[in-house]
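Colleague: After the structure tokens below, expect a handful of questions from me.
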Amino acid sequence: MGLPWYRVHTVVLNDPGRLIAVHLMHTSLVSGWAGSMAFYELAVFDPSDPVLNPMWRQGMFVLPFMTRLGITQSWGGWTISGETAANPGVWSYEGVAAAHIVLSGLLFAASIWHWVYWDLELFRDPRTSNPALDLPKIFGIHLFLSGVLCFGFGAFHVTGIFGPGIWVSDPYGITGTVQAVAPSWDATGFDPYNPGGISAHHIAAGILGVLAGLFHLCVRPPQRLYNGLRMGNIETVLSSSIAAVFWAAFVVSGTMWYGSAATPIELFGPTRYQWDLGFFQQEIERRVQTNLSEGKSASQAWAEIPEKLAFYDYIGNNPAKGGLFRAGAMNSGDGIAVGWLGHAVFKEKQGNELFVRRMPTFFETFPVVLVDKDGVVRADVPFRRSESKYSIEQVGVSVTFYGGELDGVTFNDPATVKKYARRAQLGEIFEFDRATLQSDGVFRASPRGWFTFAHLCFALLFFFGHIWHGARTIFRDVFAGIDADLDEQVEFGAFLKLGDTSTRRQSV
């Protein structure tokens with residue numbers, strides 16, 4: 001036929017049977033990719049340390065989505081929380097992956113069947129015997145079925161009535177588990193961090209979808225609207241479908257990047273804004289002050305800080321630090337986290353506590369500056385030692401660790417103090433294993449960053465596709481140079497007298 005690459009899909013334009021076939025094949029490929037990717041990730045995933053080596057540090061992409069829907073156990077005998085799996089059953093990680101592979105095979109077979117048996121009576125208008133699809137009715141059917149699915153997910157899966165529930169955690173990502181969630185029908189349901197809103201919105205949207213589907217099945221569109229929106233043209237379906245997809249892609253890009261109940265930090269990693277706002281740092285400080293007010297020593301107060309919480313307060317887990325063109329998991333950058341060294345407290349000779357100014361998100365290097373409680377600079381690591389006034393040596397800075405592996409240890413050696421001051425710029429200080437994965441020391445983005453980047457790119461492409469195909473279908477007659485409706489529509493008794501041929505325009 002000699003079609004250019006961007007017009008090859010015209011071969012299924014007026015062929016409903018093979019249009020179904022190519023969509024079945026596409027769904028087969030998507031399902032097959034999901035199952036295959038899950039098996040690959042399970043093959044390389046290390047479940048041994050859910051605190052310092054969680055799935056998002058290992059670059060897992062499909063496992064977090066399975067986990068947030070309630071899958072937590074593996075046929076390999078492990079669970080996502082680090083415990084031993086007792087009886088994983090069918091709905092384990094491997095079971096879901098296998099189900100996708102089986103579904104892919106069935107869809108593949110269905111695609112071949114529809115490609116071979118493409119000329120079904122179902123696709124022909126009984127009055128004219130021409131290939132024809134009742135697109136408004138098909139729209140109603142799809143809307144009704146998707147509404148049932150949406151309602152079922154919110155009313156049964158999320159609530160735990162018939163299903164496991166979804167992943168629910170606290171704001172600091174410490175206590176996450178799969179739980180049944182009751183729908184929130186008041187104003188709190190609009191809080192993006194309230195999991196009850198997920199259930200309520202799916203129930204409400206499902207009911208709306210069912211009602212809208214029934215409406216479109218029962219009510220025919222007006223002729224002017226049918227013609228104006230080109231409802232008889234399959235390219236109209238393509239254009240509006242692309243609009244739905246690009247809108248969804250933009251929405252999930254936002255919920256992933258800014259955070260929401262649907263994208264818990266235990267599964268996808270923290271957001272960049274939690275570093276920018278000192279979210280975890282403030283919570284750690286609050287807990288420490290509470291412990292100190294109870295009469296505990298500094299070592300005891302810091303020892304009670306969960307290692308998981310301290311690890312979130314580290315800039316290497318900020319998805320905006322990774323860059324868009326550095327391939328690999330976070331562990332391929334700074335390495336596999338082995339342990340928390342403890343909280344570093346810096347003091348000058350007089351005993352006043354100093355605080356290292358933390359590196360902002362979009363800096364690769366940042367001057368090492370230590371300030372007092374009033375924000376006044378008291379010490380630094382100077383660029384030119386000959387002009388320095390506040391160097392570590394001159395001020396006599398020492399560092400003491402509380403909690404962690406170096407609990408109670410003090411260093412006075414300037415070289416060692418400088419080393420830990422540089423590392424304190426990056427938040428809490430951790431020991432990393434860079435040998436196992438030959439990590440290069442350059443930060444990588446978490447799956448949160450990759451997901452956002454990919455979906456923004458696809459949303460922009462699909463937005464252009466919506467405009468392109470929408471314009472093609474609405475202005476089809478203009479582009480083709482042919483008026484699709486050559487005969488004027490006549491409503492006798494209103495615009496035209498019966499038998500008056502002088503004012504009516506007719507095609508030749």
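Glycine too: its Cβ is placed from the backbone N, Cα and C atoms.
Not my notes, these are from Swiss-Prot:
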type: TRANSMEM; residues: 21-36; note: transmembrane segment
type: TRANSMEM; residues: 101-115; note: transmembrane segment
type: TRANSMEM; residues: 140-156; note: transmembrane segment
type: TRANSMEM; residues: 203-218; note: transmembrane segment
type: TRANSMEM; residues: 237-252; note: transmembrane segment
type: TRANSMEM; residues: 457-472; note: transmembrane segment
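Context for these features, please: burial, neighbours, distances.
Modeller: Beyond the ends of the transmembrane segment (21-36), by six or more residues, the same chain brings 12, 62, 97-101, 103-105, 107-108, 110-112, 114-115, 118 to within a C-beta distance below 8 angstroms of the stretch.
Sequence-remote contacts of a segment are chain residues at least 6 beyond its ends whose Cβ falls under 8 Å from one of its Cβ atoms, and for the transmembrane segment (101-115) they are 17-18, 20-22, 24-25, 27-29, 31-32, 35-36, 39.
Within its own chain, the transmembrane segment (237-252) is flanked in space by residues 135, 139, 451, 455-456, 458-460, 462-463, 465-466, 469-470, 472-473, which lie at least six positions past its ends and keep a Cβ under 8 Å from the stretch.
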Colleague: Hey, which bits of the same chain come close to the transmembrane segment (457-472), Cβ under 8 Å, at least six residues off its ends?
Modeller: 235-236, 238-240, 242-243, 245-247, 249-250, 253, 479
